[in-house]
Amino acid sequence: MEWDSGNAAWMLTSASLVLLMTPGLALFYGGMSRAKSVLNMMMMSFGAMGVVGVVYVLWGWSMSYAPDASVGGIFANPFAQFGLSGAIFDETGEFIEGLGAYPQVIDIAFQVTFAIITVALISGALAERVKFSAWLVFTAIWVTLSYFPMAHMVWGGGLLSGAEGSIAAGIFGTTDGEANTAPIDFAGGTVVHINAGIAALVLALIIGKRKGFGTVPMRPHNLTLTMLGAGLLWFGWFGFNAGSAFAADGVAGWAWVNTTTATAAAMLGWLVVEKLRDGHATSLGAASGIVAGLVAVTPAAGSINPVGAIFLGAISGVCCAFAVSLKYKFGFDDSLDVVGVHLVGGLVGTVLIGFLAVDGSVFFSEGAFGFGGFDQLIIQVVIAVVALIFSGVITWVIAAFIKAVMGWRVSDDVESAGIDLAEHGESAYEGITAGRLIKEGN
Amino acid sequence: MKLVTGIIQPHRLDDVKAALEAAGIRGMTVSEASGYGRQRGHTEVYRGAEYTVDLVPKVRIEVLVDSETASTVTDVIVQAAQTGKIGDGKVWVVPVEDVARVRTGEHGAGAL
């Protein structure tokens, strides 16, 4: 087998870029938390890297992509390729081919990084109050019961794909085994952002608010970290979106351009809202607008034109800028606005594809501005709603289970004093101390 | 002996230090401080949520001098720290009973 080394090189690079997003997210979230809890905030991202990095190899890939092992179109048999057996080499000992004429093991590398960042995204809703052990247990269960099935449903030929037996095939019929109108989720609007966003909302409701939420100031302690994190997220997102072309080709370049265009427009959209509403265009607003744009363009990166990306980005920036204040109206503590940015941004991007996709959408069904192709819009709304319900219910059950079995929250005293010292035995920044070394090493 | 304490805007520190050196004052102690005066603090907005920040950052400078020099020091600090805007700070003088130099153990004016 002659492998396409250009594709292979790009996809290994993409996998590495996506992996970099999670430490970037740790900086983004860490800067927004308070100084006394920043290490715990970062450790939740790193903890997700640890747990998911192991679980994915054991049964994650199998549940998402094992061939001919689908259970009702919802997930694949976790034991079909347990431990990646039969997923790397074929019977003759040759590498199995992946999506882009390179060994499939590169696809595995790419996909594990998506699972890691998706779980880590959720942690922003849980800042400064959750036991680290409860978070790690949640990570293992949630990625198994919510992420892997969602990846199978959308990308693995399951219910939310365009394959035979999918919801889209049921609504619109099939031609040659493919739905006549297939849902579009290029790089994870449903699997990553709606999935993580609704999970964040459910967890924030079940776990409850931080002590003093709404009265005690909970300002970001270091916006330079947040800006650095947002920059790393943008950089890593090129692997996320352009890598989802599974080739070093024109589609990858197209996704790259749309990703940057939408993100730039979203940042401007968020800043305009802030300037008009609050009087200042803030650095936190720029960082937040960047993430909102990246989120919204994720499902759309390979199906809209660059002018469409400007619309999509600007709309998502404006919507998310308004959405983040909803938590105060409804009184739930989504601490770092995972719902306002990822759920709302994910929904905006997923649904706007129905208007902006260059082939078959409302505006582009019969040439430019044809106004008539509502099928794409319908199926985009359907997959968004199914993703919301599926992930919402699963997350609710897992969260209630953990609450009953081990409890989510640290004690009130620990929460007040800051979670870093109690949970990790460390503090991020040194003040005046009178400590001394009592033991060298162990 | 007197202790002159000034609470000033952080960005005036370099000018105050230079002015005191020019006036022949040889030592000072500087620490970060925060607080508020009549103007109270200011508001900051993060993602649309508004926070009142009552305690604003200031710099506290302390200069230990003999009684005759204290008013000069006070005037130099006021002059160098002044911007004319609200929040410029305060300077006050208190009497000091005794002072000791740690290195030599000597007391009183000789230790200044």
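A Cβ is built for glycine as well, from the same backbone N, Cα and C atoms used for every other residue.
Predicted automatically and left uncurated, TrEMBL annotations should be read as such.
What TrEMBL records for A:9-429 is domain 'Ammonium transporter AmtB-like'. According to TrEMBL, the transmembrane segment annotation covers A:12-31, A:38-59, A:108-127, A:134-155, A:186-208, A:220-240, A:252-272, A:284-301, A:307-326, A:338-358, A:378-402.
Outside the transmembrane segment (A:108-127) by six or more residues, the chain places 11-12, 14-15, 18-19, 21-22, 25-26, 29, 32-33, 37, 41, 44-45, 48-49, 51-53, 56-57, 60-61, 64-65, 84, 87-88, 135, 139, 142-143, 147-148, 151, 188, 191-193, 195-197, 199-201, 203-204, 207, 210, 239-240, 243, 333-339, 342 with a CB less than 8 A from a CB of the stretch. Through the fold, the transmembrane segment (A:38-59) approaches residues 19, 22-23, 25-27, 29-32, 78-79, 82-84, 108, 111-112, 115-117, 119-120, 123, 126-128, 130, 132, 135-136, 139-140, 143-144, 148, 221-222, 225, 419-420, 423-424, 426-428 of its own chain, all at least 6 residues removed from its boundaries and within a Cβ separation under 8 Å. Below 8 A, the CB atoms of the transmembrane segment (A:307-326) and the transmembrane segment (A:252-272) form 3+ pairs separated by six or more positions in the chain.
In the predicted model, residues of the domain 'Ammonium transporter AmtB-like' (A:9-429) average a pLDDT of 96.
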